[in-house]
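Quick notes on the structure that follows.
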Amino acid sequence: MEFNVRRLAADASTFLSRAVQFTEEKFGQAEKTELDAHLETLLSRAESTKHWTEKIMKQTEVLLQPNPNVRMEEFLYEMLDKKVPMRANNHELLGESMIDSGHEFGPGTAYGSALIKCGETEKLLGSAEKEFIQSSAINFLTPFRNYIEGDFKTISKERKLLQNKRLDLDAAKNRLKKARVADARSAVSITHTHTHTECNNHLSLFLNAGQLWAEEVQQAETELRIAQSEFDRQAEITKLLLEGISSTHAHHLHCLNDFVDAQAAYYAQCYQYMVSVQKQLGSQIVIFPSTFSNNNQPAGSSSASISVPTAQPAASLPAPPPSQTSPALNELRSTSGTRKARVLYDYDAASSSELSLLADEVITVSSVPGMDSDWLMGQRGNQKGKVPITYLELLN
């Protein structure tokens, strides 16, 4: 019990000494030992790494799970060390609704069949999204979180110890400085008393006080050497930990590369799914007669149409004979100018020199000398390529 009381008293004395030193430094009443420039740079770099790591983690979590309520729920499950229940994501919910509605309308109908195909694709997108989220959490978020909750906590602990050792060092310096001042004053008083008075009692008292202050100076010097040694040792420990930040950055770079690879694979997979369903839907679209397009034109507009086969898929449209022309087409070829044309049917480019088309869009066309009579040069924004005239309706 006696040991515990003494230890408690010693700890309280140390804490009080640090508090006094810290307060006097704040008010400019005590000197402060400055850390070397390299150590200060390392400390600043560690703080910057912590700040940006936490910010990247937070924004990545928002990207992977935009719903804040779901993020909070997942956080609570993680705090309770319980498994997060599986739930359907938005793509999967949309896919289920499309599939159910497709069966309601009838899988044998064009619309019902298209809904089912789209629903199945949405579910595939949902599955790919889950895989991407899981991969990102394991290979990207977890290493970042381990740094914040592990390595940086160790750095913070050692940095706090360094701060305490620095306060102890400065308190020891301050104590030695005061002891030396008091010892010097005591020596002056002894000299003054010995010179100006014959009182042996006073002289004896001053001699005793001088001896006590000399012992105090000696003890303060010993404490200063110990405090300096402990401070230097803690500074080296902290510096070694902080120099490991470079390794942390290298590891985080590897994790970032894994995250980018996961994103690229995810978006490429989604693109493949969408291209596949796009082709499936395109092969099911019923092509209506050109008169249907004419009836849907705004009032007052006129067009010169080229006759085309009707009620058959665009992919199976035959090329018209070379003699099948129109006055508008002859005029376009003779003037070498440009005209607006409405696309009647979807068309997938067969080569890089051709331009893919979507039904009902309006593009700019022109005639190029030497080009086959069944083709025109089409342009949509910065995209340019050959287009078949059977898929077009020239506009006045």
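Keep in mind that glycine also has a Cβ here, set from the backbone N, Cα and C atoms.
As recorded in TrEMBL, the features of this protein are as follows:
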| type | residues | note |
| --- | --- | --- |
| COILED | 155-182 | coiled coil |
| COMPBIAS | 298-308 | compositional bias 'Polar residues' |
| DOMAIN | 24-290 | domain 'BAR' |
| DOMAIN | 336-396 | domain 'SH3' |
| REGION | 298-333 | region 'Disordered' |
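Non-local neighbours of the coiled coil (155-182) in the same chain are 14, 17-18, 20-22, 24-25, 30-33, 35, 43, 46, 213, 216-217, 219-221, 223-224, 226-228, 230-231, 234-235, 237-238, 241-242; each lies 6+ residues outside the stretch with a CB under 8 Å from one of its CB atoms. Confidence in the domain 'BAR' (24-290), given as mean pLDDT, stands at 84.
Taking H, G and I as helix, E and B as strand and the rest as coil, DSSP gives the domain 'SH3' (336-396) the counts 3 helix, 30 strand, 28 coil.
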